[in-house]
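Positions annotated as NADPH binding site by TrEMBL: Thr10, Gly11, Ile13, Lys37, Asn38, Glu102, Gly181. Taken from TrEMBL, the feature domain '1-deoxy-D-xylulose 5-phosphate reductoisomerase N-terminal' covers 55-108. Marked as 1-deoxy-D-xylulose 5-phosphate binding site by TrEMBL: Lys101, Ser127, Glu128, His175, Ser188, Asn193, Lys194, Glu197. Under the heading domain '1-deoxy-D-xylulose 5-phosphate reductoisomerase C-terminal', TrEMBL lists 122-205. Annotation source TrEMBL lists Mn(2+) binding site at Asp126, Glu128, Glu197. Summarising the annotation, TrEMBL assigns domain 'DXP reductoisomerase C-terminal' to 238-352.
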Amino acid sequence: MKKIAILGSTGYIGRQALEVVRAYPNDFKIIGLSANKNKKLLEEQIKEFKPLTTSIGGKNLEKIATHPDVDLVLVAVVGLAGLKPTLAAIKARKNIALTTKEVLVLAGELVMNEVKKNKINIIPVDSEHSAIFQCLKTGRKKEIKKIILTMGKGQFANMSQKELAKITLRDIYKHPTWIMGNKITIDSATCLNKSFEVIEAKWLFDLSSEAIEIMVHPEYLCHSLVEFIDGSNVAEFGTQDMRRYIQYALFYPNRKQAVITNSLNLFNKTITFEPPPFEKFPGLELGFDAIRAGGTMPAVMHGADDTAVEEFIKEKIKFTDIARVIKITMSDHQVIKKPDLEEILKANEWGKIRAKKLIEKKFI
Ligand SMILES: NC(=O)c1ccc[n+]([C@@H]2O[C@H](COP(=O)([O-])OP(=O)(O)OC[C@H]3O[C@@H](n4cnc5c(N)ncnc54)[C@H](OP(=O)(O)O)[C@@H]3O)[C@@H](O)[C@H]2O)c1
């Protein structure tokens, strides 16, 4: 029986993970659960899963992540809250199932050095990264030519630059009650989210920027590919159901008969691929720029994005200004190579403040 801690058990991914756990009662024991504000749901989860340790409001996450009984920590909190507990869990030699992007976007080098040092597994849960992780089982590291992250077409793909500049929050969110928070929806619209995925992939799979490509795949049937040096392309296809990827990560290195997810039926499906829209969505290039610059640059990029999205929500800048603000902020930054955690967090703050100043002074 695998003993699990879930950081962020009341969130979307956390709840889906508990559905998987519920479906396999003889395979998992929940040791720790955590919520930020949703006390009511956490209490229901405690009643059902009887964890040994819990946390509310972001307190004691490190304690849960390093509990002596835990084998695997599923990191599913949002943002920076996941960084310190993940590092603590790795140092305590726990395996990690990772969904929280910020952990690798900000501190990829630091985190992966600890992963190697402590000889633990870090299993991605994000669909594209899980797809690549699975494809890579068919070859060795030195046999990889490149990985290809797939992305959807996006709701604004057919707009001109003029039309893109006029996009409002209401165009992005189909439902007005989503307007607060949910930054990821805006990051997806600007393609910054894909840029963060590029950085995540760089660290997870130890690749240079030249070995990472992006391809538009509107049908969402293929979730990413690997091309090996002999010209073989290995892809992962499946239903678009996060529980499938969570199940894979929780059972890794084994696979288990699916009971709550469906099989993919490919009959009569159209499958198309298109080149990535770098010109239309300059945010897509920024992840590659950040990898090439290295050190503290991804942390700065992330901080600048936080500010730019916030200012877009407040209608202080246009949709097309988001990537511009981040790009200028990045060009103003003096990179610190091989940063420690403190330097990374400082760089992230610097990115936020610098972007804010740029916007105030109408540098854009
Ligand atoms: N949703 C997806 O399909 C998907 C796919 C791939 C990757 N991801 C990534 O997975 C992570 C989780 O996504 P999600 O959709 O599950 O997010 P979510 O629904 O917003 O849930 C986030 C979880 O983290 C907790 N939390 C929020 N702020 C916190 C803080 N400051 N300290 C401690 N805990 C905090 C929340 O608690 P409360 O419920 O109490 O607020 C909740 O349990 C994100 O990094 C996201 O980018 C998500």
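The backbone N, Cα and C atoms fix where each Cβ goes, glycine too.
Note that this is a predicted model, so its numbers are computed, not measured.
Overlay of TrEMBL feature records on the structure.
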residue : record                                      : contacts (Cβ under 8 Å, 6+ apart)
Thr10   : NADPH binding site                          : Ala35, Asn36, Asn38, Leu41, Leu42, Gln45
Ile13   : NADPH binding site                          : Leu74, Ala76, Thr99, Val125, Met242, Ile246
Lys37   : NADPH binding site                          : Ile56, Gly57
Lys101  : 1-deoxy-D-xylulose 5-phosphate binding site : Asp126, Phe196, Glu197, Glu200
Glu102  : NADPH binding site                          : Gly79, Leu80, Gly82, Leu83, His302
Ser127  : 1-deoxy-D-xylulose 5-phosphate binding site : His223, Ser224, Gln240, Met242, Tyr245
Asn193  : 1-deoxy-D-xylulose 5-phosphate binding site : Ile184, Asp187
Lys194  : 1-deoxy-D-xylulose 5-phosphate binding site : Leu149, Met151, Ser188, Ile214, Gly283, Leu284, Gly287
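DSSP places the residues of the domain '1-deoxy-D-xylulose 5-phosphate reductoisomerase N-terminal' (55-108) in helix, strand and coil in these numbers: 25 helix, 10 strand, 19 coil. Counting every protein chain shown, 15 other Cβ atoms lie within 10 Å of the Cβ of Asn38 (NADPH binding site). In terms of DSSP secondary structure, the domain 'DXP reductoisomerase C-terminal' (238-352) contains 61 helix, 1 strand, 53 coil. Candidate binding-site residues: Gly11, Lys101, Asp126, Asn193. Those with a Cβ under 6 Å from ligand 1, in sequence order, are Gly11, Lys101, Asp126.
Within 8 A of the CB centroid of the Mn(2+) site residues Asp126, Glu128, Glu197, the other residues of that chain are Lys101, Pro124, Ser127, His129, Leu149, Glu200, Ala201, Ser224. The Cβ neighbour count for Glu128 (1-deoxy-D-xylulose 5-phosphate binding site), using a 10 Å radius over every protein chain in view, is 25.
The two recorded residues, Gly11 (NADPH binding site) and Glu128 (1-deoxy-D-xylulose 5-phosphate binding site), have Cα atoms 20 Å apart. Of all the binding-site residues listed here (Gly11, Asp126, Ser188, Glu197), it is Ser188 whose C-beta has the fewest other C-beta atoms within 10 angstroms. Residue counts for the domain '1-deoxy-D-xylulose 5-phosphate reductoisomerase C-terminal' (122-205) under DSSP (helix as H, G, I; strand as E, B; rest coil) come to 49 helix, 11 strand, 24 coil. In the three-state DSSP classification, Ile13 (NADPH binding site) falls within a helix.
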